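Presented below is the structure to which this report refers.
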Amino acid sequence: MREEEHSDSLRREARSPWSTHNDKAAVTVSPSKTAVHGTVRLAGSKSLTNRALIIAALAEGESRIDGLLRSDDSYWCIDCLTSLGVRVDVVGDSARVAGCGGRWPNRTGRLYVGAAGTAARFLPGALAAAGSGVWTMAGSKRMSERPIAPLLDALTKLGAGIAYAQDEGSLPFTLEAGGLQGGAVVLPGAESSQFISGLLLAAPYAKEALEIRIDGDVVQRDYVVMTLGLMEEFGVKPQPAEDGRSITVRPAKYEARSIRLESDVSTCCYFWALAALTGGRVRIEGIDAASTRQPDIELLNVLERMGCTVDRGAGHVEVFGPKRLKGGFEVSMGSWSDQTLTMAAMAVFADGPVTMKDAAHIRHHECDRIAAVCSELRKFGIRADEHEDGLTVYPGRPLPSVPLDSHDDHRMAMALSLIGARVDGVRIADPGCVSKTCPDFFERMSALGLQVDYE
Ligand SMILES: O=C(O)C1=C[C@@H](OP(=O)(O)O)[C@@H](O)[C@H](O)C1
Ligand SMILES: C=C(OP(=O)(O)O)C(=O)O
């Protein structure tokens, strides 16, 4: 096999049957001929979907989840639960999950998490908490490079037996469960909030009360708040310490529930950014900015700072773009870093440079996002200065572009495609990568008037 074909097949390994456009080498995006005006309704949040699926699988009785996201990340999460013997029936965007009360029916098997950080970091605790069982867990090449050791070390201290198949502290590994001891365990917050969420989700099934002590500041801490909220919805109430430095969970069992998931705010952001970039307007139904627990909602505040008007209604958010976006500021991305790439794309068209900071951890996401976005913007002739924890993007006129690389990262592809709202012929390789969270992303861009062509 040629080197290129080999790297293509590695990239595509984590694409699921819910993925689209994997037969396409590239997509080209060009501006709409008319103003971008539209209303959009999006599928459920990836983060809520995978939390709800795992909690429902751990619960006693049958749960129903409506508004499920059908994407690669949720597909692999469901696939793992099915391999564990949990019945998950998906019809349209609804799933019925037959909870197994924390005892997985299949005590052995191979679980494949694809490229999903949520599945990789949320499932090991749920496995370790079971009374017995031996499972191997593997993921995409990139997932095997992403950090997970602090979580697995904590599980080892609490009683799990973990043997690494390749590199110490990484996927793939074999986990032997013997139940989770209670007591105190320390997890770092700087690399990923998902370690804390992963242990929290399993914590009610520990033998005794479990206290998770948090070392350092937590990146994207609102995702931990989201975990606590969903645990409560399923009848378990964790107790965060007043100083926010630890969370205690007493032994309990999740109760089956019927819930409807909120749309994916991270995906909404690309469409709000589209309105911002084109002086158009995009209304998204099914989001309540006042009550959402999804951290990327912060984009709306920054869009206002950039000159947009934002209508935050009951159950909808509409963004109206200005004539010219304002730049000339620094913004901390620490708590909503999935939108760093969206900010970088918008900054190209602002009236002054924008510096995004406090996001060093995104170097360990689907790709090294800081290095990747700088290198792709430079291909357009845009000045992008790379910093250890972020980047500064200077406004410019993007040159007719050489093909851009999506780095097998859905957010790289979605953010770079926004430049196509302003510049003719933005060509991005491997459009299928958006299936990690939004398989129909380019169809939605096209429905809003952008010209989208595949090759
Ligand atoms: O818990 C979650 O659902 C998520 C947490 C964040 O990850 P990190 O805390 O690892 O940065 C975020 O980037 C990811 O898209 C979803
Ligand atoms: C970092 C992300 O995903 P994951 O859940 O794989 O960490 C993301 O969606 O931007």
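Numbers run from 1 along the shown chain.
From the backbone N, Cα and C atoms, a Cβ is placed for every residue, glycine too.
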ARG221, ARG397, ARG411: which one does TrEMBL list with LYS46, GLY117, ARG146, GLN194, ARG369, LYS436 for the phosphoenolpyruvate site? ARG411
Could you find out if DSSP has HIS365 (3-phosphoshikimate binding site) as helix, strand or coil? coil
Going by Cα-Cα distance, which of the binding-site residues (ARG146, GLN194, ARG411, LYS436) sits nearest to ARG51 (3-phosphoshikimate binding site)? GLN194
Are there residues of the same chain, six or more positions away from SER192 (3-phosphoshikimate binding site), whose CB falls under 8 angstroms from its CB, and which are they? GLY117, ARG121, PRO147, VAL219, HIS361, HIS364
Taking the binding-site residues SER47, ARG51, ARG146, SER192, SER193, ARG369, which residues show a Cβ-atom distance to ligand 2 below 6 Å? none
Close-lying binding-site residues around ligand 1 among LYS46, ARG51, SER192, LYS436, where CB distance stays under 6 Å: SER192
Max CA-CA distance, Å, over listed phosphoenolpyruvate-binding residues LYS46, GLY117, ARG146, GLN194, ARG369, ARG411, LYS436: 19
